[in-house]
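Participant: Sharing a structure, written as structure tokens. Questions coming.
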Amino acid sequence: MKVQRLFLVAIFCLSYMQLVKGQTLPRCPEKCGNVTLEYPFGFSPGCWRAEDPSFNLSCVNENLFYKGLEVVEISHSSQLRVLYPASYICYNSKGKFAKGTYYWSNLGNLTLSGNNTITALGCNSYAFVSSNGTRRNSVGCISACDALSHEANGECNGEGCCQNPVPAGNNWLIVRSYRFDNDTSVQPISEGQCIYAFLVENGKFKYNASDKYSYLQNRNVGFPVVLDWSIRGETCGQVGEKKCGVNGICSNSASGIGYTCKCKGGFQGNPYLQNGCQDINECTTANPIHKHNCSGDSTCENKLGHFRCNCRSRYELNTTTNTCKPKGNPEYVEWTTIVLGTTIGFLVILLAISCIEHKMKNTKDTELRQQFFEQNGGGMLMQRLSGAGPSNVDVKIFTEEGMKEATDGYDENRILGQGGQGTVYKGILPDNSIVAIKKARLGDNSQVEQFINEVLVLSQINHRNVVKLLGCCLETEVPLLVYEFISSGTLFDHLHGSMFDSSLTWEHRLRMAVEIAGTLAYLHSSASIPIIHRDIKTANILLDENLTAKVADFGASRLIPMDKEDLATMVQGTLGYLDPEYYNTGLLNEKSDVYSFGVVLMELLSGQKALCFERPQTSKHIVSYFASATKENRLHEIIDGQVMNENNQREIQKAARIAVECTRLTGEERPGMKEVAAELEALRVTKTKHKWSDEYPEQEDTEHLVGVQKLSAQGETSSSIGYDSIRNVAILDIEAGR
């Protein structure tokens with residue numbers, strides 16, 4: 001007996017769970033493929049509403065069908081979604097009928113929903129849908145055009161594509177397409193010269209003139225179409241509420257005689273089942289549509305078909321807002337109002353003070369940034385950039401905050417190097433790109449002019465062997481320049497310093513010399529305004545990961561007007577690389593860079609520093625060192641043993657002679673950088689005969705020594721030299737290394 005009772009309880013529980021799902025009758029399939037069925041629909045015997053065969057579906061190969069139309073969705077909200085194929089007509093090249101088909105359907109007790117449109121594709125065509133097969137009771141649209149326009153993509157406006165709403169209520173329909181009679185000039189929708197007509201749910205078709213729609217000729221391809229369904233033959237007045245399940249509501253159908261059911265508010269499920277509408281627990285559901293709206297001063301209590309908010313002690317429910325409020329104690333209410341009003345007033349005052357302070361701080365910061373901008377030469381930069389001719393560089397203005405973040409607050413661990421014109425930091429921008437940030441020395445106003453000059457010069461340069469300027473920041477106490485990051489240090493580091501590389505072959509060094517010479521030739525001759533670098537040295541030549549040379553540090557550079565060959569300036573440069581003629585006269589020209597390049601070329605050949613006080617007195621300067629070695633025919637003694645071999649001796653000798661020619665005492669005797677670049681390039685790619693002289697007069701050698709000896713002698717006892725030349729003070733940075 002107990003076993004029988006347990007069995008009955010189990011059956012009751014299973015039946016109740018099945019009804020809670022609100023989908024189908026017990027023991028009936030709930031799905032066909034991916035489509036979920038709901039009563040009154042079904043496809044197994046006894047699973048659909050027996051009084052109406054329209055609810056009898058068929059499931060074939062996991063696909064659900066209704067009267068030959070594939071069903072993709074069923075809803076107990078009285079709608080069925082099916083796939084309806086397109087009708088079409090195709091014409092041959094003479095405009096004659098080639099093939100085509102159209103479709104008609106008897107929907108039984110189901111009717112076409114008003115949420116569909118009739119659509120036509122193709123020029124000079126029209127489509128219609130009829131409820132009885134005759135055109136006089138049809139709804140359609142016309143598509144007229146001479147040729148398809150891609151400008152109409154995305155919308156059916158009557159040009160190549162048209163659409164028209166379809167009224168609800170039809171249960172027997174035919175869909176057809178036609179072409180205007182005697183029109184053979186039609187530009188078709190695709191290569192097949194076909195026109196199409198089809199029903200489609202609103203918003204489910206997007207027109208594109210470039211698409212090929214020939215796939216619509218496949219009977220198994222269709223567009224979603226919405227059908228309305230109801231229980232036919234009786235109205236709610238005739239059947240009463242008993243025909244809908246418990247907690248269900250009956251509504252008359254809008255299309256013909258019939259009715260539909262829906263669950264009352266607070267219930268959900270299938271209203272066509274006796275116990276299909278189940279209570280919604282608003283207190284626990286995660287569905288935001290049904291979830292309760294009780295305030296934090298109350299707790300939610302679920303009721304059948306609704307819920308109730310229970311207020312805490314000393315609170316009562318406001319039925320208008322469904323929120324809890326303090327109970328009507330005048331003293332309590334007054335005290336609460338006073339505290340609340342005082343708190344709000346205090347917060348408003350604090351907020352106002354905070355806003356005023358924030359605004360004042362922003363104003364002060366803006367004024368300070370503007371002050372720094374002017375102090376750092378921002379106005380001068382804008383004026384010079386506007387008057388310097390066309391710019392090849394898009395100079396980006398960085399913010400002070402951005403520079404702090406990029407350098408981690410100018411952390412010492414980010415310092416890449418320090419020189420006469422400031423400190424260089426490694427920076428990381430928000431996009432994770434690595435840059436080099438050059439910061440002028442604090443309190444050195446002379447650096448401002450050099451920074452502005454560097455921006456001005458680099459704005460005129462667009463060359464692969466020049467370090468690229470990305471932008472600047474002038475709203476800080478000292479100006480900042482932002483460059484591309486070159487990862488492998490300087491040429492000085494590789495030849496003499498911490499990054500000394502014994503594998504720096506002759507091919508590497510010759511290529512670097514060609515790149516540096518080509519860059520200087522570009523600056524002198526090909527830039528929009530001729531540029532003299534004025535501080536060429538191995539410490540200002542950067543190398544990337546491929547050992548490609550990049551000329552850097554244009555702080556001392558000068559733009560030379562087109563109508564001038566020389567420019568009188570304060571003498572500036574690095575001892576060991578400084579042109580003796582420029583040092584003595586104060587007149588700067590492109591031959592000054594030629595001299596400095598000759599010194600760099602000698603360093604590449606010998607691996608020796610430009611100035612070395614460990615060498616003999618007469619050879620402290622590398623120019624004297626080379627001159628004496630050339631004169632005494634012992635050049636092989638000073639060439640770096642890492643580069644010379646029996647296969648490249650002639651090339652190295654030619655390169656050495658080029659270096660000596662570049663360092664002649666007077667500029668007139670030196671070649672131009674174009675000639676130097678051409679000769680070095682010839683050494684690199686061919687074995688052509690060298691055009692430089694093979695012998696050097698003894699008098700010229702003496703001139704080399706005399707000019708260099710003066711610089712060396714003056715530089716042995718002082719870190720800086722004061723020289724009164726044409727009433728200008730010359731300041732020379734003595735940097736044997738950097």
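Just so you know, glycine gets a Cβ as well, placed from its N, Cα and C.
Copied straight from Swiss-Prot:
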type	residues	note
SIGNAL	1-22	signal peptide
TOPO_DOM	23-335	topological domain 'Extracellular'
CARBOHYD	ASN34	N-linked glycosylation site
CARBOHYD	ASN56	N-linked glycosylation site
CARBOHYD	ASN109	N-linked glycosylation site
CARBOHYD	ASN115	N-linked glycosylation site
CARBOHYD	ASN132	N-linked glycosylation site
CARBOHYD	ASN182	N-linked glycosylation site
CARBOHYD	ASN208	N-linked glycosylation site
DISULFID	CYS236-CYS250	disulfide bond
DISULFID	CYS244-CYS261	disulfide bond
DISULFID	CYS263-CYS277	disulfide bond
DISULFID	CYS283-CYS300	disulfide bond
CARBOHYD	ASN293	N-linked glycosylation site
DISULFID	CYS294-CYS309	disulfide bond
DISULFID	CYS311-CYS324	disulfide bond
CARBOHYD	ASN318	N-linked glycosylation site
TRANSMEM	336-356	transmembrane segment
DOMAIN	410-693	domain 'Protein kinase'
BINDING	LEU416, GLY417, GLN418, GLY419, GLY420, GLN421, GLY422, THR423, VAL424, LYS438	ATP binding site
MOD_RES	TYR483	phosphotyrosine
ACT_SITE	ASP535	active site, proton acceptor
MOD_RES	TYR582	phosphotyrosine
Participant: Of all the recorded positions given, namely LEU416, GLN418, GLY422, VAL424, ASP535, which is spatially nearest to TYR483 (phosphotyrosine) at the Cα level?
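Facilitator: Out of the listed candidates, the nearest Cα belongs to VAL424.
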Participant: When a 10 Å sphere is centred on the Cβ of CYS300 (disulfide bond), how many other Cβ atoms does it contain?
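Facilitator: There are 16 of them.
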Participant: Could you give the residue numbers and ranges of same-chain residues that sit at least 6 residues beyond the transmembrane segment (336-356) on either side and whose C-beta is under 8 angstroms from one of its C-beta atoms?
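Facilitator: Long-range Cβ neighbours of the transmembrane segment (336-356): 326.
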Participant: Determine, using Cα-Cα distances only, which of these recorded positions is closest to VAL424 (ATP binding site): ASN208, CYS236, ASN293, ASN318, CYS324.
Facilitator: ASN208
Participant: What Cα-Cα separation, expressed in whole Å, is found between CYS294 (disulfide bond) and CYS300 (disulfide bond)?
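Facilitator: For CYS294 (disulfide bond) versus CYS300 (disulfide bond), the Cα atoms are 6 Å apart.
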Participant: Hey, what's the Cβ neighbour count for CYS324 (disulfide bond) at 10 Å?
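Facilitator: By my count, 21.
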Participant: Out of TYR483, TYR582, which of the modified residues has the smallest number of neighbouring Cβ atoms within 10 Å?
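Facilitator: Each of the modified residues TYR483, TYR582 was scored; lowest Cβ tally within 10 Å is TYR483.
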Participant: So among ASN34, ASN109, CYS261, CYS277, CYS309, all listed as recorded positions, which is physically nearest to LEU416 (ATP binding site)? Use the C-alpha atoms.
Facilitator: ASN34
Participant: Near CYS300 (disulfide bond), which of the recorded positions GLN418, GLY422, ASP535 can be found within 10 Å, Cα to Cα?
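Facilitator: The recorded positions passing the 10 Å Cα test: none.
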Participant: Can you tell me the CA-to-CA distance separating CYS324 (disulfide bond) and GLY422 (ATP binding site), as a whole number of Å?
Facilitator: 68
Participant: Using all protein chains shown, find which of the recorded positions CYS250, CYS277, LEU416 scores highest when you count other CB atoms within 10 A of its CB.
Facilitator: CYS277
Participant: Among the glycosylation sites ASN109, ASN293, which residue has its Cβ surrounded by the fewest other Cβ atoms within 10 Å?
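Facilitator: ASN293, out of the glycosylation sites ASN109, ASN293, has the fewest neighbouring Cβ atoms within 10 Å.
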Participant: Quick one: pull the CA-CA distance for CYS236 (disulfide bond) versus CYS283 (disulfide bond), whole Å only.
Facilitator: 33
